[in-house]
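Asker: Below are the structure tokens for one structure; questions will follow.
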Amino acid sequence: MAKGGNGATIVLKKVEEGGHGHHGGAWKVAYADFVTAMMAFFLLMWLLNATTEEQRRGIADYFAPTNVLGRSTTGSGEPFGGRTPHASEQMTQDTGAVRVERGPLPVLPDVETEDDSTVVARPVPMREGPEGEDEENDPRRVRTARADAPPGDVAQEAREWDAPRARRADGTGEATDPRNLSDAELRAEHERRERAAFEQAAEEIRRMVAGDPALAELGRQLRIEQVPEGLRIQLLDADGQPMFALGGAAPNERARQLIARVAQVAARLPNAIAITGHTDATPFRGGGDRSNWDLSAERANATRRLLAEAGLAEGRIRSVAGYAERQPLLPDQPTAAANRRVAITLLREPPPPPRQEAAAPRAAGTATP
């Protein structure tokens, strides 16, 4: 540019910038680890919610086997213990039904028969000894008996299996009479079945009363309990809600309906029935020579007639009695309304008689010539 010129001065500014440094990929690795951890977490939550305890144990054994036997080829060491997540754990077969009786050792479930007859599977107890390992007393073996076998054979077989338990019962190692043990077990089983039947009957009566709007409020006037005599069902009076008219033997309509419900349940059981009537200590004012004895007996007999009308067989009635005020429900309150009641008792059946297999040989040995 010529000095002294009058032209504009032009200034050029050039900025040279260096390139950005190269960024590393560490954040990508961290992000991938985070996503992987979240995926594993949600997978774990799903497994805990969608599997059973047995399936979770199978998964754990797969990743960290703790049992050498789990590595066999039976499938127990595979995921889910060799089962599918949707296994119903119940298999069907067309070779007949299998009934398993309770025993001291587990019973193998895969018992099959050659025909369609019912099979009773019993475990074979282990031999009493330090080892307890022989083919005859192998606990994995199961003895089977046909359900249509003669009763004597089955009873004899049962006594043979009960002999080791008889030796263990007294702690002496000497075998007691197995027939006595079998009789005791038979009585215990009879009592257990009868107790269960009574509990079911009591629950059914309560459910029927609670489900009927007309009788629901009478639930507090219904007392059901098991007593030494059997199952006692009592219909109690309440203040302002009597079951029978005052001084009368005829039950009111609600009492009739309640007795009919009791008859429906009692008719399905084989037990004999005893009916008793009770009053409070208030003297009877019916006139003449009648007393609480007559009133309680008449109410018990009226209950018997209602049970028969509801379908209960007359032959089931063992006794009908009135006890007046001699057996109060509340002894401390002799005039309480709850003492006026009718009791229907399903009597316990006698236990089965003991077996008499050895009676004949003894009788033959003592016969006179």
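Each Cβ is built from the backbone N, Cα and C atoms, and glycine gets one as well.
From TrEMBL, here are the annotated features:
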{"type": "COMPBIAS", "residues": "156-193", "note": "compositional bias 'Basic and acidic residues'"}
{"type": "COMPBIAS", "residues": "356-369", "note": "compositional bias 'Low complexity'"}
{"type": "DOMAIN", "residues": "231-350", "note": "domain 'OmpA-like'"}
{"type": "REGION", "residues": "73-95", "note": "region 'Disordered'"}
{"type": "REGION", "residues": "122-193", "note": "region 'Disordered'"}
{"type": "REGION", "residues": "346-369", "note": "region 'Disordered'"}
{"type": "TRANSMEM", "residues": "29-48", "note": "transmembrane segment"}
Asker: For the domain 'OmpA-like' (231-350), what does DSSP give as the number of helix, strand and coil residues?
Answerer: 38 helix, 29 strand, 53 coil
Asker: Limited to the domain 'OmpA-like' (231-350), I'd like the whole-number average of pLDDT.
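Answerer: Value for the domain 'OmpA-like' (231-350), mean pLDDT as a whole number: 91.
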